[in-house]
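Asks: Here's the feature list from TrEMBL:
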type     : residues : note
ACT_SITE : SER149   : active site, charge relay system
ACT_SITE : ASP226   : active site, charge relay system
ACT_SITE : HIS260   : active site, charge relay system
Amino acid sequence: MALKQVSSNKCFEGFQKVFEHDSAELKCKMKFGIYLPPKAETGKCPVLYWLSGLTCTEQNFITKAGFHQAAAEHGLIVVAPDTSPRGCNIEGEDESWDFGTGAGFYVDATEDPWKTNYRMYSYIKDELPKLINANFPTDPERMSIFGHSMGGHGALILALKNPGKYKSVSAFAPICNPMQCQWGKKALGGYLGSDVSKWEAYDATQLVKSYPDSHLDILIDQGKDDQFLSAGQLLPDNFIAACTEQKIPVVFRLQQGYDHSYFFIATFINDHIKHHAKYLNA
């Protein structure tokens, strides 16, 4: 699988790079950001995957989150993929910001016309890690995942659907219960069809109810002044209640005065990197 380097910038003695490749899973060209810490020059490093939210590309996190210093210090490779296939010429793919382009929702679509390309779940779970492990100095046994909003939803479902695959998981303002919110109903209905029982496979609040053990340490930060929290799009209380019932440890921090933006993410990113480093470097 050929990788084409798009950019490379030295950052905290490591390198922030962007690559492009042809995705077999999504049947289009895809870009991802990858930060290689200084430690990657001499040895294998664990990998932390970041999943972005609605409308984002691979650029948002790598330019706005300010994660590089902590990743360099802890010796973590950080991979930030795009949020959907691009340029697939599907009718309606660019019509709305919360469905189609920039809004893959980390599911494998089963409905026409989306099912051929919109397979972000399998791309993040299988294709991307294989690509990263084949081309960079990684330790394939040590990986973790985190994300924001739609990407927080993605991180939670990937961890919950694949016990033991990720050492740790965290999220900023995740869409915790997509079956019950407008964003989720639109995306899951469009990609998976009208049979609501099929949606449960991509809903963290549903998935946690059947999670086989409690060996998953979940960290969630949520801004108290997040407009999407008050609009009922995120529904963290439903997820926390389900975790409590299953005795799955979740640290949920409601952060006074913070909104849904990257200013919020940048404020608490070091805590999240540290959370993952504790498990990845154990």
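Glycine is treated like the rest: Cβ placed from N, Cα and C.
How buried are the listed features, and what sits near them?
Replies: All protein chains considered, the CB of SER149 (active site, charge relay system) has 25 other CB atoms within 10 Å.
There are 22 other CB atoms within 10 A of the CB of ASP226 (active site, charge relay system), with all protein chains counted.
Counting only same-chain residues six or more apart in sequence, the Cβ atoms lying under 8 angstroms from the Cβ of HIS260 (active site, charge relay system) belong to SER149, ALA173, GLY223, ASP226, GLN227, PHE228, LEU229.
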